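Asks: Have a look at the structure that comes next, please.
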């Protein structure tokens, strides 16, 4: 089937103008070479099934990704540079799981590009979301970025890195020539929200040439295509940006980021504080009762000198 | 023996109390001397320790955090982490505004206490203490340099090479907790991007939508889609059954209301009839003495309603049903049947059965006494 399509598309392409990739000028070829990206996609040890499913989803959506087995170490991440070099990968997306619950994503450009460390939150895989959207395995997505990404330098850098990680380069292995899904990156509350939609072409779009055209152009402006969500959903909070690949000086640090450990310990401490206060109150009450001579074995109140037992002793 | 000794001492004039005081004085002086000799070494040691601890503290601070505290006031430009970093990278930091901000933050920092210290306080003790935060590291120069190093030359590339659309205006979402509006904003952003991308791609002559007869492996497997479909069907069925149940409930409620209304109607009718009858009776009892007004007393309505002669036969007063009278005499004709056997004033004053002799018979107490409860129980 693919061969048939190729033959057909080649035939049709020949009639088209020179912007086509089949007959490009040498500068375009050079540029396309530049855009060639390969993504190394791998988790650390200790990922849960949801993290693993997220990785599977991403691998299905990104045909230029190379899935690697779990990395053993969490301390010597520079090993990833060698690994990327070994597999000719220009980008590394490394998911680091900690404590079997927290997931961090390292997005890096080896050998000497910058590295961004994200905290992955609100993670929902395709499997658990039950969305009806579906797309071709290996079709190239449209990347839709929020305009807020251009506001700050670290967001500009994050945008470029995400573009190179999630954008399937033209002519990637196993990629399909059609566009049928869009990946949205939106900045809300200092975090990147990632959504993936199928582009559903409705029938009105195809019957545009009928006489009802006037009626539908208003609607067809946006109503021609509707989106159906595919999944997965997740949110990335940038933590730190390093100048090197998995190392080097820190060039950006997110002050607003609160580590999940801190959140958990704060909760625990709050609980402990409650207990401490109650314990203290207990001691205070006991002391008060002692003072009043109400507690068993407590101090006896001095007898009133006008008491009968005192007077007629 | 003891007495002998005491007598001797008394003779010599020894004062015990005085001697004791002397002894104590001596001991105190001795203690003072030894303490003085020790103190010559001790304070030095203490000072040394303190200084050492202080040193380690500050060095740890400098190592851990990038903020150099107000220890080095001679170089205010150097006093924030940003410029330190800029120096490291060999790039001068040009963002003056950011520096100013950082300095301000540091001024605040001097009075603040670390967050971890606050957390241990109870909530009421905490008050409005501002916890200090780590200094922001945001090295614009290094960030832009990194970006320049890795960025693709987007302007010179055809759109089909990158397929990236950035929305012109930033997406504004007021409340990120509000799922619906948030997702709608995401949807709108992506849809706008799709429209723009489609226009750009068709302009470049790249294929966009796949033809209807193009089949290939999809991201979600057939099994997965089957599960999704089953869920949709299940949801629809659930919704339908819920709607049906609700309809039934409403019907039931309505039916009950109808029934209640009907019963009330019936009750009302009954009450009205009874009232009518009651009023009739009342009028009749009032009218009994003067029988000549009888005709007036009956309502016209009633006259029309029942032509039957009433049971008492009062209507045609002239004729008397003799047979009826006889029968009534013989069998009675209803009337009160309650309290027929209960005594009244007449029966009480009836002394026909009384005999004085009967009063003289042996007294009532002569019989055997009733045994107690326990005995009765055991006799059984």
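Note that Cβ sites are derived from N, Cα and C of the backbone, with glycine treated the same way.
These figures come from a predicted structure and were not determined experimentally.
Sequence annotations record features per position, and here TrEMBL assigns region 'Disordered' to B:1-124, B:259-380. The annotation compositional bias 'Basic residues' is assigned in TrEMBL to B:19-35, B:367-380. Residues or ranges marked as compositional bias 'Basic and acidic residues' in TrEMBL: B:49-66, B:263-275, B:304-319. For B:67-77, B:99-114, the entry in TrEMBL reads compositional bias 'Acidic residues'. Feature annotation from TrEMBL assigns compositional bias 'Polar residues' to B:82-92.
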Asks: By DSSP assignment, list the helix, strand and coil residue numbers for the compositional bias 'Basic and acidic residues' (B:263-275), in that order.
Replies: 13 helix, 0 strand, 0 coil
Asks: Which residue counts does DSSP yield for the compositional bias 'Basic residues' (B:367-380) in the helix, strand and coil classes, in that order?
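Replies: Secondary-structure composition of the compositional bias 'Basic residues' (B:367-380): 7 helix, 0 strand, 7 coil.
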Asks: Give me the DSSP three-state residue breakdown of the compositional bias 'Basic residues' (B:19-35), ordered helix, strand, coil.
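Replies: Counting residues per DSSP class in the compositional bias 'Basic residues' (B:19-35), I get 17 helix, 0 strand, 0 coil.
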